[in-house]
Amino acid sequence: MKSFLSSCTTGGCGAKIGPGELSKVLSGLPVFQDPQLLVGFDASDDAAVYQINEDTAIVSTVDFFTPMVEDPRIFGRIAAANALSDVYAMGGSPLFALNLVCYPEREDIQDLGEILAGGAEKLQEAGAVLCGGHSIYDREPKYGLAVTGRLNPRQIWKNNTPQPGDRLILTKPLGVGIVMAALRGEMAEAAAVEAALASMQRLNKYAAEKARDFPIHACTDITGFGLLAHTREMAGGSTTIVLYPSALPYIAQAYTYAQGYLLTAAGQRNRNFMEGAVEFGDTPFPLQELMLDPQTSGGLLLSVPGDCAQEALRAIQEAEPQAALIGEVVSRQALPILLR
């Protein structure tokens, strides 16, 4: 079998259409009105939320991509964890999922079985049910899930409702995109790959469960648009988010790779999108790249009231030891993001 990495031009969330291009396309779509639709695509949120009754709403999301690793079972786990993450980012719990499969006709079908087995493992871990799916032949393998979850409509974690005085908690380290780029170039150290794979395979379920014990004003997961673009979405039009680059958790080797200008195309698209929205000033170039790096199955970014942020951080660190306070929310300034 030709290797996954050699058969794919890109992989993971680095394959996403850039945020600038995507927003242009979506702006041409009609606005759908339904009083039961609590969250739609107009907010660029992580999932759709549709109210069923006073106490129940359905969370719906879909995510798929090409492989970023050679091991098909690990790829399946990562893709499933990434798809499930959107439900956790909304404050919900996954109920069931459908497989989405694109697979080359000439490739070994046993490897597809391994991909699906890896995805099923993560669904079982999440307590969700696999109900079926859809498959087609394609030139490159692709896998993901359409996931349905539930939540209380009074407890939705939206991505753009932070409040001045909040502190920001990031639950996973940055840098997996850069490490995967190094892996493709056969330059990655084993420890870096191990750290990246462990992070991408880990469900955001555990951080979300800890966070539910605290008032969460806003939440999103960090994926292909990188920390800065997702933070820009969180700031919305009424607040500014101040980030502390020196406090960021990241995979150590990713900093070194960025220092050597081992970059990703998606990261540079993210940089272009952020032009005029942030001033890097004297922020070291490697930290800039880590904030722009496309994450696959990245961590949650939680906006928590300042008076309980430290307590929330300690609780989340029981599940995610590398979680860190990385910023704060202030009233709107000239730019949506400031670096301090």
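Indices start at 1 and increase along the chain as displayed.
Glycine is no exception: its Cβ is also placed from the backbone N, Cα and C atoms.
Asp86 is the residue from Asp71, Asp86, Asp166, Asp282 that Swiss-Prot records in the Mg(2+) site together with Asp46, Asp221. Surrounding the centroid of the Cβ atoms of Asp46, Asp86, Asp221, where the record places Mg(2+), the chain contributes additional residues within 8 Å, namely Asp45, Ala47, Thr61, Ser85, Val87, Tyr88, Ala89, Met90, Thr220, Thr223. Look at Asp86 (Mg(2+) binding site): DSSP puts it in a helix. When the alpha carbons of Gly133 (ATP binding site) and Asp86 (Mg(2+) binding site) are compared, the span between them is 19 angstrom. With a cut-off of 8 Å between CB atoms and residues at least 6 apart in sequence, the same chain places Asp46, Ser85, Asp86, Tyr88, Ala89, Asn204, His230, Gly298, Gly299, Leu300, Leu301 near Asp221 (Mg(2+) binding site), listed in sequence order.
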